[in-house]
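Participant: Please find one structure pasted underneath; my questions will follow.
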Amino acid sequence: MEEPGAGFILNMTSDSKVRAIVGRIRGLAAKTVPPPEMSWFDSQFDPEDAEGPFLPFSTFLITGTAGAGKSTSISALYQSLNCLITGATAVAAQNLSNGLKTYCPTIYSAFGFKSRHINILPRHGRNAPARDMEGIQRNELCKYWPVISDILGEFTKKKQRGQYEHLTGAAFGALAKMGTPTLWTTNIIVIDEAGTLSSHILTAVVFLYWFYNSWLQTPLYKSGAVPCVVCVGSPTQTDAIQSTYNHSMQKHHIQECDNILTFLMKHEAVSRYVDLNHNWALFINNKRCTDPEFGHLLKTLEYNLDISPRMVDYIDRFVVPKSKILSPLEYVGWTRLFVSHREVKAYLTALHETLSLNQGGATAEADARLFTCPVVCEVFTDTFNEYREAVNLPGLTVTEWLQKNLCRLSNYSQFIDQDLSAVHIETGEESTKVTYLVKYVKNSYVSLNGKTKKCICGFMGTFEKFKTILDNETFIDAHSHDQPEYVYSFLNTLLYNGMYAFHKHGLDAGDEGYLDALRRLPIPPNITHLSTFQDALDQTEAALLNPESDIFYHMTCAPPSASSASLSTLISFYMSLKSVFLQRLALAVSRFGRDFAERTFQTFTINMMIQNGVDFTSASERLFGLLGYASNVDTYKLKGYTFIPVGFGRFNQAELSRDLRDKMPVVVVEDPHGFIACLENNVNKMTEVMENGDLIHICTAGDYGISSKLAMTIAKAQGMSLSRVAVCFGNSKFVRKSHVYVAISRATDPRHMVIDCNPLKNLEEDREDNKTSKYIVQALNNPDTILVY
């Protein structure tokens, strides 16, 4: 029997403490109060002018060393309690989705934040400093009220007032279990990586919980169930920033602000109200990487301990020349981490130039082909002129505005990281259309940046892999919850179209004996269109006259569509096609050996050709397949693109003009099981919010909604575990401790981590970190704190 690893043992020893965490959170969630009167908060209310009722809440804090199991402990909460699991960032939400095998939204998405709210500026808050919890809550509410009030307006239009007023608690509980948790179906809200959120987000979550439940008149509101916000993260790893945009200067202003974790620790009135001394759990030992010296290093940074010469020497062993990290030909397949977006873009540009010269030959990637796809932006003339007048910049041109706002255009896709260049500008009366080319690498891994529709249209893998999928019925189990007839119809089409692969191999091998045996394999009667023995003879003779022709297609019917056949008929057809596939595979393996099962097998819903390795083309006028939403759980491998029109089931959507939509292909990706899917293009609307509150829709941009995993900023990697990581701290004279901490703690194995310098030799003195560490050390000495080793 294999001996359990150190990480497994550490997780098992922490089991009892995690149970204690679940128990305390369950106790907090059971608290009730007289429901606050929410009718105060109507469309005329503003916390800057009037004081509303205090909104009770409770919090539980989970902090600790990077990789110590903070995020993993969330799975215990998910299994034990009815709770809404969210991430502070898209990456954190994706990691949670991956671990829990369920959809976890960002906290912004959970409370109703939309892309248009990005440009609504937070206020500075009331001038008078608040010393009690009521005043602090009002101050925090003031900061975010412009966004909150807009969310309230949209919610009250969409949801009927008193919608759940007459439901019993049991009926409401059953209804809540049928769907995904929301702010009005549970009072336990978990936020992973909460250290990246500004403090006012906590108050926004509390306020919107009470407002939503009051508006819908849920049993939660009527019973006065107090929201329990579980904040997970590390205050020494992360910073919260606040971004504002100066329209007159066309420039971003970014400044640090209190994050939720430090807000709970530092403000005495807040920590006393939430009883932080009793509602705090600290995870101590790193379980992501169980190397003792590595774990000691992380604890030293976490608790702001003195850095010994021995520790500096330990870090020296990871240092390699910066040129090796920046060279795409070194450390192939490793994820690069950089401090700034500019460095990420520079590395990707260098990688793409190397690939264009080597065509993947020197990169140890069998098919790392470089290809480009257009990204399009359409700036509307009338609204752009209105914007120029509003900000008093009459000389501002479209190209200048685009150059300064390109990173803001993509709310999800992070244009600024991508290697793209403008190739075409077309100016018309109604709009200016700008086309950029963005470079991608075939077979590189990408993540999705939003909720993306997909159309599964094929399979690329091996015969053995497809057989395993059929035997285990994993695909059917994963996709047949709502309309199983479409799943069976899709698989029938793949099986039917894929049968020719067996015949083609026999032709290429020139093996007449194998082809003859293939013809003799029986065909189930429910999939054949032949009614008499003479019909069978005629079709066999026709097939023999054309050696390229597979007799299977002469003898069988094309699979019926999901709309024209019953589920039982589709399942019967599937079982027969599966039987034929397995018989053909067994025959081929017996004839050509076990190696045949590992040969490439490709099948699509239409007759597909792949030109230049990346361009999926067909004589068919439309590409159809199984529709669904692409999973944030999965990492996708980029395979190419297609200009074949794909039906994503959306109608009357014209965010982009027709000629721009025609310029953009859809990207083709492979999921972890080998199924090929097209991803719907991502469309972003750029709406500026003026100081007087007016909304101006200036521009619409179309992109692909994907981010490369070849390189990213250290901030974006927050919460990730990376098997091979190369960190470049750049040319900064001083390195921030939080950057060092996050970057090196991503590694799961110190043997597969390299850095370009020893950051411990030039750490930036950060007084804020020292303050935070003081509270953490106090918690370590507090007997009421739950310590998880």
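Cβ atoms are placed via backbone N, Cα and C, with glycine included.
In case it helps, Swiss-Prot gives these features for our protein:
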- Gly64, Thr65, Ala66, Gly67, Ala68, Gly69, Lys70, Ser71: ATP binding site (BINDING)
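Please situate the listed features within the shown structure.
Facilitator: With a 10 A radius on its CB, Thr65 (ATP binding site) counts 27 other CB atoms from all the protein chains.
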Participant: I'd like the Cβ neighbour count for Lys70 (ATP binding site), meaning other Cβ atoms within 10 Å of its Cβ, all protein chains included.
Facilitator: 22
Participant: Under a three-state reduction of DSSP output, how is Gly64 (ATP binding site) classified: helix, strand, or coil?
Facilitator: strand
